[in-house]
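According to Swiss-Prot:
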BINDING   Arg26, Glu88, Arg127, Lys458  (6S)-5-formyl-5,6,7,8-tetrahydrofolate binding site
DOMAIN    224-378  domain 'TrmE-type G'
BINDING   Asn234, Thr253, Ile255, Thr258  K(+) binding site
BINDING   234-239, 253-259, 278-281  GTP binding site
BINDING   Ser238, Thr259  Mg(2+) binding site
Amino acid sequence: MSITKEFDTIAAISTPLGEGAIGIVRISGTDALKIASKIYRGKDLSAIQSHTLNYGHIVDPDKNEILDEVMLGVMLAPKTFTREDVIEINTHGGIAVTNEILQLILRHGARMAEPGEFTKRAFLNGRVDLTQAEAVMDLIRAKTDKAMDIAVKQLDGSLKTLINNTRQEILNTLAQVEVNIDYPEYDDVEEMTTTLMREKTQEFQALMENLLRTARRGKILREGLSTAIIGRPNVGKSSLLNNLLREEKAIVTDIEGTTRDVIEEYVNIKGVPLKLVDTAGIRDTDDIVEKIGVERSKKALEEADLVLLVLNSSEPLTLQDRSLLELSKESNRIVLLNKTDLPQKIEVNELPKNVIPISVLENENIDKIEERINDIFFDNAGMVEHDATYLSNARHISLIEKAVDSLKAVNEGLELGMPVDLLQVDMTRTWEILGEITGDAAPDELITQLFSQFCLGK
């Protein structure tokens with residue numbers, strides 16, 4: 001997808017394909033109204049007020065055949081998402097009707113939109129910056145209300161405003177330094193310039209580092225925690241998974257080795273999306289299929305952000321239990337003593353501190369797991385502060401880290417007594433890096449790659 005401005009008219013189905021109450025076919029571009037007028041039977045579209053919904057029919061003019069009864073939305077530039085004329089045809093949901101209407105639109109002069117092209121046009125026409133464009137996709141993919149809150153704030157421009165204000169402050173600083181260097185009016189101009197550069201650099205660095213402190217929380221809320229449920233066979237792992245999901249997803253039996261693969265499901269734990277991985281019981285086995293499951297379990301353990309180790313409190317610790325305790329000791333781990341509804345036989349004094357006794361069968365202490373997750377990953381400080389700006393995107397985090405490195409280079413140069421005019425290079429580099437976040441200084445290849453990840457019709 002080229003990032004150069006194109007002014008042809010594009011169209012796509014904007015709702016998920018499949019059966020549903022409503023389907024939406026979107027048209028955007030200079031000929032949107034003209035194309036819609038050819039296939040719409042109802043009020044004269046050229047006389048219709050912008051931002052209104054209008055009842056009518058979509059008709060194939062070549063056959064004089066009605067395709068569907070619709071509500072047609074007219075939105076005229078520049079007050080639209082793309083800042084172009086936009087038509088949205090609200091049809092009855094279904095693959096056949098929406099596709100038939102789309103093909104009719106394409107035959108009358110529109111081009112099939114590429115993935116993310118509507119949002120790309122919003123970016124190219126100055127309606128949104130890159131952070132806001134990425135927030136659109138984050139909002140679509142949000143799995144919890146907390147992730148949605150972060151995406152909405154970013155879409156509203158919170159990160160854009162912070163970055164743009166910082167870039168402007170950097171420009172102001174560079175301009176002042178340049179004036180001091182080119183037009184020295186005081187004997188101590190060099191000292192004044194060095195002091196200004198040091199103060200501003202430290203200010204910018206502190207701002208960027210504060211932003212980075214939100215990254216861990218923001219990334220978790222955006223992408224979720226990969227959570228491995230581990231334990232020897234038949235200790236209640238699958239029952240725990242089903243309990244957390246509030247539905248039967250894993251087979252639960254008394255037969256060892258029932259879970260032969262890795263089962264993955266998302267669950268919302270107090271606003272945090274957990275990707276729960278129910279692993280096959282880790283044990284020595286000659287069963288080839290089960291052995292593959294065990295190897296996948298070990299891999300899931302290595303890659304997990306959080307480990308839930310399930311032990312059977314009604315039995316003494318086994319060699320397998322001890323092996324799993326050792327294997328997971330460096331992980332963010334919560335040890336769960338299941339089957340507390342039975343007489344306890346496990347050696348509690350040999351276990352790590354802060355284990356949680358639970359009974360999956362009787363749904364006892366499951367809420368304690370949620371509280372412990374909050375303690376481990378959020379320092380019990382709550383999930384999202386209402387007015388805070390969060391970093392949650394890996395691209396943004398990487399660029400902010402690079403900006404901090406550039407600012408550190410300026411500070412180190414000042415400590416070594418390097419001339420301020422040489423240090424302007426690193427300060428300018430910081431300004432450029434921050435511009436990559438908003439798209440003001442992003443390479444064409446990056447922009448093309450970002451929008452290609454969007455769904456068709458968005």
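Backbone N, Cα and C define each Cβ position, glycine as well.
What Swiss-Prot annotates, mapped onto the structure for a quick look.
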| residue | record | contacts (Cβ under 8 Å, 6+ apart) |
| --- | --- | --- |
| Arg26 | (6S)-5-formyl-5,6,7,8-tetrahydrofolate binding site | Ala11, Ala12, Ile13, Ser14, Val86, Ile87, Glu88, Ile89, Ala113, Phe118, Gly457 |
| Arg127 | (6S)-5-formyl-5,6,7,8-tetrahydrofolate binding site | Phe81, Thr82, Arg83 |
| Lys458 | (6S)-5-formyl-5,6,7,8-tetrahydrofolate binding site | Ser14, Pro115, Gly116, Phe118, Thr119, Val136, Met137, Ile140 |
Residues Arg26, Glu88, Arg127, Lys458 binding (6S)-5-formyl-5,6,7,8-tetrahydrofolate per the record - widest CA separation, whole Å: 19
Secondary structure at Arg127 ((6S)-5-formyl-5,6,7,8-tetrahydrofolate binding site), reduced by DSSP to three states: coil
Binding-site residues listed as Asn234, Ser238, least Cβ neighbours within 10 Å: Asn234
Least surrounded among the binding-site residues, given as Glu88, Lys237, when other CB atoms within 10 Å are counted: Glu88
